[in-house]
Amino acid sequence: MNPQAKLIFMISLLLGTTITISSNHWIMAWAGLEINTLAILPLISKSHHPRSIEAATKYFLTQSAASALVLFSSMTNAWHTGQWDITQLSHPTSSLILTSAIAMKLGLVPFHFWFPEVLQGSPLSTGLLLSTIMKLPPITLLYMTSTSLNPTLLTTLAILSAAIGGWMGLNQTQIRKILAFSSISHLGWMAIIIIYNPKLTLLNFYLYTMMTATVFLALNSIKVLKLSTLMTAWTKVPSLNAMLLLTLLSLAGLPPLTGFLPKWLIIQELTKQEMIPAATLMSLLSLLSLYFYLRLAYCTTITLPPHTTNHMKQWRTNKSTNILVAILATMSITLLPISPLIIATM
């Protein structure tokens, strides 16, 4: 793709995100979401492969439907209350429609079917954008309307997302699909707590973004898309593979690592809200995700297993690993000891 065109699309992405997260009026927020959708489409379909075109089409159709629902929900609310302010979403029907629209934008269950397919058809760099920056505007809208959302509906969506995100990721061999189901599972953790402690949702989102960016950038530098090629990638940059292993375990939420912090705080908050069954269920469902993270981690660090398929082993590359990956990997692994400071800044 032409560098100037790519620059324009990236600036449009930032512009759309900024407009949505800084707006008070529904029409401005909707305009920002539309700019975002239009800017990411060329980045999804830039390889001109039929799979990429299909992914871009699926993305366009789902996001258009979700944007129409956002507009419909805000118009219904304005019709009943005379308010176009995002924080004044007081009509129950509007709240219900908005929750469905945002769930579709984010890829929460039961509106999740498009996300693994779109991620599988996109390059790794675009997959990183779809999993991180494209999730920020919808989560911001949820954050701003969190006081008027339906707790039962969101808790149901969250538990279903954690269950299906973990369950459907178990038998995948394509790494981008595994990361898509990982994203759905993490969104479940964010959705369950947004009504009770919205700042905790944002903290979870920031830490998830950091860890996912590390995984995507590491995979991009060793050019790996499938589990079978991940097994042979240890010869390229052994140190990067070790960091990838720890980052994957951090995404799974294992205790000494950064990823344990949001899960711990969310379970603590749910217990305070006397939602102990929901907290127990979410903890048990995270074991499903843990299984496929462990499988990824195992494939990352083992040498080539004995089998009959011939693989081209690749010798270690000379080029130094990106400094950004090093910084992100360090933060994805070591932030748990300073959790009191992180909590204090919330």
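Just so it is clear, glycine is given a Cβ too, placed from its N, Cα and C backbone atoms.
Feature annotation from TrEMBL assigns transmembrane segment to 5-21, 56-75, 95-115, 152-171, 178-197, 203-225, 237-255, 275-294, 323-343. Per TrEMBL, the feature domain 'NADH:quinone oxidoreductase/Mrp antiporter transmembrane' maps to 23-288. What TrEMBL lists as domain 'NADH dehydrogenase subunit 2 C-terminal' is 290-343.
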Cβ pairs under 8 Å between the transmembrane segment (95-115) and the transmembrane segment (178-197), at least three: yes
The mean pLDDT across the domain 'NADH dehydrogenase subunit 2 C-terminal' (290-343) is 78
